[in-house]
C-alpha cells in the first residue's frame with residue numbers, strides 16, 4: 001500500500017505518523033470499493049430517480065386528450081372542432097387538463113406549451129442546484145430541498161384553478177425536479193470505489209425506468225388528473241421523511257470544503273460496515289496537494305469549491321464542457337423525440353408507457369455489462385451512431401407504405417441505442433470533471449438535455465419524415481463529437497482543477 005499513500009506528514013500525540021491519501025486510494029485499499037455500506041447508500045439514494053420519473057412523466061397522462069363518446073341521437077360528429085353536441089369526454093371533464101379546460105382546436109398549442117415550460121424549469125433548476133450542491137448546500141442538502149419543493153409544488157398543482165396557474169406550478173415543479181436526478185446520482189456514486197463506479201452509475205437508471213412503470217400502474221388506478229398529482233407527489237414526502245435522514249453526505253464534498261474530519265469519519269463508517277479497517281493514523285488529502293509543502297493544520301481550514309467560470313478558465317475542462325453540452329443536447333433530442341411516438345401508436349396508453357419503460361432496461365443492462373470491458377468512449381460512439389443509422393434507415397424506408405413495420409423497428413432500435421447513450425453520458429460526464437466543479441458541469445449538461453427535451457416535441461410535429469432525418473443526423477453527429485473526448489475508464493476521479501490539469505500533463509508526456 002506504500003505506493004498509494006503519501007509520505008508521513010506529521011506526528012500524532014500518540015507517536016504514530018499521520019499518513020494521508022486520496023479518497024479513491026482509501027476506498028480501494030482499506031474501506032472497500034462497493035461493500036454493504038455502499039450498497040445500502042446506493043439503493044436508498046437512487047430511489048430518488050423514481051421520484052423524478054413520477055414528476056416528469058405524469059404529463060403523459062394528465063395532459064393527454066381523452067377519447068370522446070356519443071351521448072345521444074343528435075351526435076353527428078366526435079370532432080371537437082366541428083359545431084354540434086351530443087358527445088362527452090371519456091372519464092368526464094376531470095380526466096385531464098385537455099378535457100377540463102378545453103385545450104383542443106385553437107387551444108391545442110397550450111398542451112405543448114405547458115410541457116415545454118416544465119422542461120424549461122428543469123433546465124433552470126439543474127443549473128441552480130448543480131451549483132448549490134457543489135457549494136454551500138452539499139449533495140444531501142440539495143437533495144433534501146428539491147424533494148421538499150417537489151412535494152409542495154406537486155400537491156399545489158392538484159388544486160390549480162386555471163390553466164395559467166397550472167403552467168406556473170409545472171414550471172416550479174420542473175425547477176425542483178431538475179435537481180433530483182443530478183444530486184442523487186452524484187451522492188450515490190461518489191462514495192463508490194473506482195473499480196465499481198461505472199457499473200454503479202449505470203444502475204441508477206433502472207430506478208428511473210422503474211418509476212415510469214410504477215407511474216403507469218398509478219395512472220391506471222387514478223384516471224383523473226387531480227388525484228393523480230396528489231398520489232404522485234406523496235412519494236417525495238415519504239422520501240423526505242423516511243429516507244433522507246438515513247443518508248450520509250458525500251465524503252468528497254466534505255473534503256473539498258475543508259471538512260477533513262467529517263470526510264474521514266464517513267470513510268471509517270464505510271470501512272466498519274464493510275468489515276474492513278482503516279489504520280487510525282491515516283487521513284485524507286486532495287489530489288493536488290504536495291504533502292512536502294503542506295503544514296499540518298492547513299488542510300483543516302481549506303475550503304475548495306468551484307463555479308462555471310473555473311470550468312471555462314481551464315482549457316482542459318472548457319473543451320470537455322463544450323463537447324459534453326453539444327453531445328447531451330443531440331442525445332436528448334433523439335431520446336425524447338423517439339419516446340413521444342408512444343402517443344401516436346393508437347394503442348392502450350397505460351400498456352404502451354409500461355412497455356416503453358421496460359424496453360429501456362435491456363439497453364441499461366447491456367451497457368453496464370460492456371462499460372468496464374470496452375470503456376465509456378467506444379460505447380458512447382457506438383450507441384449514438386447505431387441510433388443515428390437506424391433513424392436514417394427509417395427515413396429512407398418511410399416513403400414505402402408497406403414498410404411501416406420496418407420503420408417501426410428502426411425507431412425501436414433507435415431508442416434502444418439512445419437510451420443506452422443517454423444514461424452512459426451521465427457517468428461519462430461525471431468522470432470528465434473534478435469534484436469541485438462536477439455538479440456544476442453536470443448541471444450544464446443537464447440543462448442541455450432539458451433544452452433537447454423542449455425542442456423534441458417541435459421536431460415531432462414537423463411531419464412523418466422530417467423527424468427521422470433530424471434524429472438520424474443528430475445521432476451520427478453526436479457519435480462523431482464523442483471521438484474528441486478522452487477515455488475515463490480506470491482513470492482517477494480528480495478532486496480539484498489543479499489535479500485534473502496535472503493528470504492531463506502526465507498523459508501527454
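Just so it is clear, glycine is given a Cβ too, placed from its N, Cα and C backbone atoms.
Quick look at what TrEMBL lists:
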type: DOMAIN; residues: 41-490; note: domain 'Major facilitator superfamily (MFS) profile'
type: TRANSMEM; residues: 111-130; note: transmembrane segment
type: TRANSMEM; residues: 142-165; note: transmembrane segment
type: TRANSMEM; residues: 171-192; note: transmembrane segment
type: TRANSMEM; residues: 204-222; note: transmembrane segment
type: TRANSMEM; residues: 228-247; note: transmembrane segment
type: TRANSMEM; residues: 321-338; note: transmembrane segment
type: TRANSMEM; residues: 350-371; note: transmembrane segment
type: TRANSMEM; residues: 378-400; note: transmembrane segment
type: TRANSMEM; residues: 406-428; note: transmembrane segment
type: TRANSMEM; residues: 440-460; note: transmembrane segment
type: TRANSMEM; residues: 466-485; note: transmembrane segment
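Proximity of distant same-chain residues to the transmembrane segment (142-165), defined by a Cβ-Cβ separation under 8 Å and at least 6 residues beyond the stretch ends, is recorded for 45, 48, 51, 55, 97, 101, 103, 110, 114, 125, 129, 132-133, 172-173, 175-177, 179-180, 183-184, 187, 226-230, 232-234, 236-237, 239-240, 244, 247. Remote same-chain residues near the transmembrane segment (228-247) are listed as 41, 44-45, 47-48, 50-51, 54-55, 58, 61-62, 140, 143-144, 147-148, 150-151, 154-155, 157-158, 187, 215, 218-219, 222 (criterion: CB distance under 8 Å, separation of at least six residues from the stretch ends). Counting Cβ pairs under 8 Å that are 6 or more residues apart, the transmembrane segment (321-338) and the transmembrane segment (440-460) reach 3 or more and are in contact.
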